[in-house]
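Features of the protein shown, as given by TrEMBL:
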{"type": "COMPBIAS", "residues": "935-951", "note": "compositional bias 'Basic and acidic residues'"}
{"type": "DOMAIN", "residues": "645-919", "note": "domain 'G-protein coupled receptors family 3 profile'"}
{"type": "REGION", "residues": "932-951", "note": "region 'Disordered'"}
{"type": "TRANSMEM", "residues": "645-671", "note": "transmembrane segment"}
{"type": "TRANSMEM", "residues": "683-703", "note": "transmembrane segment"}
{"type": "TRANSMEM", "residues": "715-736", "note": "transmembrane segment"}
{"type": "TRANSMEM", "residues": "757-778", "note": "transmembrane segment"}
{"type": "TRANSMEM", "residues": "809-830", "note": "transmembrane segment"}
{"type": "TRANSMEM", "residues": "842-864", "note": "transmembrane segment"}
{"type": "TRANSMEM", "residues": "884-906", "note": "transmembrane segment"}
Amino acid sequence: MTSCFLFLQQKTEEYCKTGRNEIFIALTAPAFCPTGRRSGPVLPVPLLDIIMMPEAGPYHLLCRSASLFASRPWLRVLWLLLVGFSPLSLGTQPQPQSSLKIEGDITLGGLFPVHSRGPAGVPCGEIKREKGIHRLEAMMYALDQINSDPDLLPNITLGARILDTCSRDTYALEQSLTFVQALIQKDNSGVRCSNGEPPIIPKPERVVGVIGASGSSVSIMVANVLRLFAIPQISYASTAPELSDNSRYEFFSRVVPPDSYQAQAMLDIVKAMGWNYVSTLASEGNYGESGVDAFVQISREAGGLCIAQSIKIPREPRRGEFEKIIKRLMETSNARGVIIFANEDDIKRVLQAAKKANLTGHFLFVGSDSWGAKSSPIEDQEEVAEGAVTILPKRASIDGFDQYFTSRSLENNRRNIWFAEFWEDDFKCKLTRPGIKYDPDRRKCTGEERISRDSQYEQEGKVQFVIDAVYAMAHALHSMHMDLCPGSMGVCEKMDPVEGRMLLQYIRSVNFNGSAGTAVMFNENGDAPGRYDIFQYQMSNVSNPGYRVIGQWTNHLRLNLEEMQWSGGDRKIPESVCSFPCEPGERKKMVKGVPCCWHCELCDGYQFLLDEFTCDMCPFDMRPLKNRTGCRPTPIIKLEWSSPWAIIPVFLAILGILATTGVIATFVRFNDTPIVRASGRELSYVLLTGIFLIYLITFFMIAEPSAGVCTIRRLLLGLGMCISYAAMLTKTNRIYRIFEQGKKSVTPPKFISPTSQLIITFILILVQLLGVFVWFGVVPPHTTIDYDELKPPNPEFARGILKCDMSDLSLILCLSYSIVLMITCTVYAIKSRGVPETFNEAKPIGFTMYTTCIIWLAFVPIFFGTAQSTEKMFIQTTTLTVSMSLSATVSLGMLYIPKVYVIIFHPEQNVQKRKRSFKAVVQAATVSTRLSQKVNDKQNGESKMEPDRSQ
C-alpha cells in the first residue's frame, strides 16, 4: 500500500498564548490511502521548534517559524521522525529505520550501541560484538525470562522496540523519537487522500519505558526528550554525575552507580598506589567530561593529588589527533598515571597511538567502567594495556545468559536483525545476503558455526545490569498492576495507557535481588548504590592473560597490592609523581601553583630538617646528624698529652725544669763560693724560682681544664715571668744606679743591699699578684666549652673546645705587666752596656733581654695570626708555652749556665779576689769606659787628645 504523507497545520499561536504544558505538534504519522495512490505533501507554515532550556524550572518551548528548518536540527529530527523524509529534500524517498521489534502487551524501548560511531559523514561504523550485541541479547533474554515467569506479570507479555544508537548522541536522538510518536496528539478531521477518501492511519505502538542508553551523552540527550513525554528511563551503563540531578532528569534512573562514586573509587586507587601526579583523558561528551570533572573536584577536596594535564578527545577526532594527545601527555612525562574516562573506541585509539610512539609500558592507565573488563578496547594492544587498572560496577557472570547466548544461531535468532552481521564478524566469514557483494577473500559462513566453540566468547561486563534494568521495569509494572488491576488478567483499563509519572514512582520503590544476587534499588535521585570490582590487566606469570580482580570498593577501598603486576611481571608499583621524595636532610621548595611539585634543597651548614619544608639551625652546642634529620651533641676536645702540639712544649719544659733544678742544686751546694756570692745569691734564687715556674706553667697549659687548673693558669702564667723579670730589673737597676752615682760621687746609692733588692723585687711581684687576685674576685676561674672556635663549614669537623675562661685579650693583659718589666729591664740593660764585662752581670742580662725581646716579637704575629685557623687553640697554646720556655732558657743559659760550668769544671777560678772599695770600683769602671771610647774613636779615624781627668 502506498503511503501518502499528509501534514496538518497546528495552531501554535494558541499554544504560545496559553503557555500550557501540553505539546501539540501539527504533524501526522504516515497515513495510508485506500486507493493506493500517493498523496502529495502539504506543508504547514508555522511549526513548533522544541528547544531544551536547562533552567531551574521546567523546560520551555519556544515558538519559531518554519524558516528555522535549516538551522535547527530539532525540527529536522521531528520531521524525519514523523514524516519519514528530510524537510530539506522533499522529493527524496524516505529512509526506513532499522529497529528490532518484539510483540507484546506492554512495549519497552531499548537503546543499544549495536554499531560503533562511523567516520565523518557516516553515522554508523563497525558492529560491536560485546557492548552492542551482548547487551541487546541480554535484554531479549530478560524479556524471555520474565514472560515465562508465572509469578511476574502473569498473563502479560512484555514486548520491545530496540534501536541502534551507533555510539553517537545525535543519531540516538533521532532514533529515540520513535518512542514518542504515540504520545503526540493529532487532529485528523481534515485529512483526506487525493481521491477525497479518509486515510487509514495505523495506531502507533506506545512505549511505556526505555531501557538505556549506554553512553552518558546519549542518555542525557534522550532523557531530555523522554522527560517531555513522561517516559521513564532506566540505564544500564550511563554513569555521568550530571544525571543525578533529579530536577533536570526526573524520569531517569540507573542500575549502575554514578561516576561520583566511581571517581572516588579511582581516587582511592591512585592514592593507595602512592601516586600524586596524574593526567586525565576524557572523551568529549557528558560521560567523559563529567567523569573527569568529578574526579578533579573530589581530588581537589581531598588534597594530595595534582592534575598534570586534562585532555579532551574530540567527538570527531581529526587524523593524527591521538598522536598529538600522546605528545601532550609526554610533556609531563613524570605523570605516568593516566585517568581515562573515554568510550572504548577512543581507548583503543589512545593505546594504538602509545604503541606507535614506542611508549609501551610508560603510561599507567586507570580506566573507568567504560573500559571495565572489556577485551575489545585492548585487542592487539595488550602490551600497551598491561598493568592497566580498571573499575567496573560489581557484577557477576550470569550462567543462564551464557547458555542462552552460546545456543544462538542464524536459524533460531532471526528476531535479531543485526545477528547476521555479528555472525560474520565473530567467525570472520561472509554470508550471502541480498544486496551484499560477495568478498572472495573471506571464507563463506556455513551456518554450522557455534559461539564459544568456534570463536572466543566472554560475557560482557554490563550484561548483568541490562538484565537488572529490564527486571526493575518489570517489577515496577508488576507492582503497578497489583495496585491498579487487582485480580485482573492482563492489562486493565487503568493501565491502558500506562501513566509515566506513576510508573516512575513504582520504579523508584523497587527492591529485589538482581541477577547477581545483589539488591537492586534506587535512591531519591534514581541512582543505584556504589559497588565496584577493581581489575588489572595482566599478561606475565598468568596462564591466561586477561583481567584479574585485585580489589573491591563499597564506600571504602579494599585493594590487594600484592596481587598487582606491571609491565614485564614487575611487582613493584611504578611511580607517578611530579617530584620524587627528597633525600634525608633535604627540604621541599614548592613550585608555585602546583602543590605536588617541588625542588629539593639540602639543609646546608649547621641546619637540620625541622619539617619537610623548613631547615632550622641546630643549637649552638650541637651539630646536624649526617642525614640532617636532627641534631647531635658536638664532640668536646682538649689538648691531649699525646698530641704533637703538646709533645714539643712538654719536652722543652722537662729539659728546662731539669736544667733549672740542676742550677739551683749547684748554687745551693756551692752557696758560699765567690761566684755564687758575686751573682747575688738572694736575687739569683728568686730569678731561678721564676724560671722554674715558667717551665712549670707548660704542664698546666696542657692539662685538662678544670676550676683548679684554671686557677693555677691565671696565677702562674704571668707570675713566673714577673718574678724573673722583676729580679733582672732590680739587678740592672742596681748596676745602673751604682755607676751613675759613681760618676757624681763616691757615696754609694741607696737600696743596693741584698735585703733592699729583695724588697724591691717582692714589691714588683706583689703588683702582679694583686692584679691576679682582683681578677679572681671579679671573674672566678671556671671552664667553658668554646663551640665557635672550631666550627668549620663542614659540621662533621665541628668540635667544642674545653678550655679555661680566658680570652686572648685577658691572656695578653695577664702577661702585660711582665712585658712592661721586660721592656724596662731591657732599657736599663742598654743603659748599662758600658759596664766592663768582668763586672757583675750587666752584659749577660743585656744579651738576655735582647734575645727575649726578639722571641716575644716573634710570638705576637704567630699567636694572633692563627686566630682563623681550625687549630687555633693548639697553635696558640704551643706558641705561648714554647715562647715562655725559650725566654726562660735564654735567661738560664745566659746568666747561670756559664757560672755552673765554672763552678763544676773550673773550680780554680771560683776563688776569692782582692776586695776593693766602692771608690776603686767606680774609678776602674770609669777608666775602662774611657779607654774603650778611645779605641772606638781611633777605629773611626777621629782620635783626639783629651786631658786625663783621672790624675
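Every residue, even glycine, has its Cβ placed from backbone N, Cα and C.
Counting Cβ pairs under 8 Å to the transmembrane segment (809-830), the stretch among 683-703, 715-736, 842-864, 884-906 with the most such contacts is 715-736.
Packing against the transmembrane segment (884-906) from elsewhere in the chain are residues 649, 652-653, 656, 659-660, 662-663, 666-667, 670, 673, 675-676, 679, 684, 687-688, 691, 694-695, 697-698, 720-721, 724, 728, 841, 844-845, 847-848, 851-852, 855-856: each is 6 or more residues past its ends and has a CB under 8 Å from a CB in it.
Confidence for the domain 'G-protein coupled receptors family 3 profile' (645-919), expressed as mean pLDDT, is 83.
Cβ atoms under 8 Å from those of the transmembrane segment (842-864) belong to residues 728, 731-732, 735, 808, 819, 822-823, 825-826, 829-830, 832-833, 835, 875-876, 879-880, 883, 886-887, 890-891, 894-895, 898 of the same chain, restricted to positions at least 6 beyond its ends. For the transmembrane segment (715-736), same-chain residues at least 6 beyond its ends with a Cβ under 8 Å from one of its own Cβ atoms are 680, 683-684, 686-687, 689-697, 700-701, 751-752, 757, 760-761, 764-765, 768-769, 772, 811, 814-815, 817-818, 821-822, 824-825, 828-829, 831-832, 835, 839-842, 845-846, 848-849, 884, 887-888, 891. Sequence-distant contacts of the transmembrane segment (645-671), counting only residues of its own chain at least 6 positions beyond either end whose CB sits under 8 Å from a CB of the stretch, comprise 639, 681, 684-685, 688, 691-692, 694-696, 698-699, 701-702, 871, 874-875, 877-878, 881-882, 885-886, 888-889, 892, 896-897, 900, 903-904, 910.
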